[in-house]
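TrEMBL annotations:
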type: TRANSMEM; residues: 6-24; note: transmembrane segment
type: TRANSMEM; residues: 31-49; note: transmembrane segment
type: TRANSMEM; residues: 69-89; note: transmembrane segment
type: TRANSMEM; residues: 110-127; note: transmembrane segment
type: TRANSMEM; residues: 139-164; note: transmembrane segment
type: DOMAIN; residues: 272-410; note: domain 'GGDEF'
Amino acid sequence: MRKDQWFIGILFIASVLLALFFGFRNLENDTLIFTILLYWFFSTVYFNLRYVVKMNKGATIDYGINYSLSIGIFAGPLGVLIYELLYHFSVYTSRKITKTADHDELSHTFYNVGTFTLTTTLAYWLFNTFAGHFSVLPLGFWILFILIMFITVMISDAFLLTVLHLLGEITNRVEAVEFFKMRSLTDTMKTALTNAFLLYLLFENHMELVFIFFIINYTINRSIAFKAKATQDRIERDQFEKMAYTDFLTSAYNRAFMNKRIEELAAQQSGENLGIILADLDNFKQINDAYNHHVGDQIIQHFVDLMRKHLGKSGEIFRSGGEEFTLFIYDKGFDETCELIEGLRTAIKEKPVLVDYSGEPVNVHYTSSFGLYYFQITDKNSIEKAHIHADDLLYDSKELGKNRLTVHHESS
């Protein structure tokens, strides 16, 4: 048996012994049974509203709505033990049936029962010990409950930290501190106030309001969970789209996105002016041969960074080939566009890139050639033709000695 399983076993046995020692709170049997079953039913329904955090080495932590504190203080430690057994073994059975159980699901079940029963037993003792002292204070009931909640949360986190340490998920003090930081103060306060309100209703024997409160709370949290899921799906969709349209090395757009942008510009038929520039690093093969491909990658990244800095929000950069890039310049006149690209060419020539070569910093000088075609968008064909013309102009720059800009205005 592993060390973490020994620890979980000790927690569970201790929780059972303490629950048997303290027993039930002095309640009528009908009230006790109804309360436990009501809590078990809604906790089981709420189970799907939890969220799961996966640790580095595969262990998972479930966070969700928890009502142990209110039923534990109301029904007593033995009452909460029965509730925890009903609830967590219902979850265990459901996960087994749906084949979503972890390989250590049974150990997790005993851990949850043991931990929640132990911490709630402590809460039961604290509440009954100090309730009289706090009753004379304004909002004393609520203050005491919040304090008890934070004490039990810290102890519960300490138990979980111990298990994660025994599993090898947390190995040093920094990781332990980061683990404690994962706990949301807002969520803890929400749980504290929710349980305090439920306990108040139970003490006042407002069972119908307890039932209504559970339904309202479920509806609200269901709505929040739905919106959170929709937001997460949108974020993931945006991330996948970004991955599909972004060059991994440079974070510039790729050819697929360039084709998409051409389709969009053509569909708008705005008649706006557009500068299409083809840019290509000069003598890039010789640079790779003189150094290595890692140095070549650093130069390409530096090249894109300079282009991005000069273009700002006035244009877009697409990686259309190995060391070849296409630039779209919007909302600028012909002369402005020429000045912008000429300034970029000069900056590239004058600013060497500092690269790591064989463990040593080395300054590498490089240049780039450009072909600029300026025109008015009419349809998709006009954009594609402009791209071909820009490519021809880039070829002219190469033939004329490289490190130069060759331009053409459609109307000239």
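Just so it is clear, glycine is given a Cβ too, placed from its N, Cα and C backbone atoms.
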* Asked: Where DSSP helix means H, G or I and strand means E or B, what are the helix, strand and coil counts for the domain 'GGDEF' (272-410)?
  -> 63 helix, 45 strand, 31 coil
* Outside the transmembrane segment (139-164), six or more residues from its ends: residues with CB under 8 Å to it -> 4, 7-8, 11, 55, 59, 61, 69, 111, 115-116, 118-120, 122-123, 126-127, 130-131, 133, 170, 176, 179-180, 183, 188-189, 191-193, 195-196, 199-200
* Which sequence positions outside the transmembrane segment (69-89), separated from its termini by at least 6 residues, show Cβ-Cβ distances below 8 Å to it? -> 15-16, 18-25, 27, 32, 35-36, 39-40, 43-44, 109, 112-113, 116-117, 120-121, 123-124, 127, 145, 148-149, 152, 191-192, 194-196, 198-199, 202-203
